[in-house]
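Trainee: These came from TrEMBL, pasted as-is:
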DOMAIN    14-108  domain 'ARMET N-terminal'
DOMAIN    112-154  domain 'ARMET C-terminal'
Amino acid sequence: MIVSSMKEVNKETCEVCVTMIEKFIEQTDSETKKSVEKVQDAFMKFCKTKKKDDNRLCYYVGGLEESATSVLGEITKRVTWGVPADKICMHLNKKDSQICELKYEKQIDLTKVNLKKLKVKDLKKILSDWDENCKGCTEKSDFISKIKELMPIHAPDAAKILKKKEEL
């Protein structure tokens, strides 16, 4: 006898799946939602732009061309039926428990953090999240300078707050 421990699926217990499916459902127009094939094509396009944990979820469900398995039909059918994201993820979790094991990394709040107190690893992560790199950076101060230089582009609110702090 197999005993399945099924916990409730919501944004806390299945963060990446529920968030991704909700975004996909929001972005998909009602005309597309009428056809399973159109929903599948739309999901494949949606997955092409995803990175990190979102990309991993796409890989698990078959939203990428290089995916080893595919449960994409399970998603597309339910989207056309109007099933909410948490219920879709609950069904997917029954098929593959890895889906709800994905979690987003904690984001660094640049409006509140003191860059000088962060580790170099965290400074590199900020640049990586922005799809930027720091060629020739060898010291912590180099990374901080690069982040401050790019902050108005990638985090304008944080840049304004930082400017106000430096003016004081």
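Glycine is no exception: its Cβ is also placed from the backbone N, Cα and C atoms.
Just so you know, TrEMBL annotations never went through curation; they're auto-generated.
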Trainee: Which residue counts does DSSP give the domain 'ARMET C-terminal' (112-154) for helix, strand and coil?
Mentor: 28 helix, 0 strand, 15 coil
Trainee: Just to confirm my parser: what is the rounded mean pLDDT across the domain 'ARMET C-terminal' (112-154)?
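Mentor: Mean pLDDT across the domain 'ARMET C-terminal' (112-154) comes out at 91.
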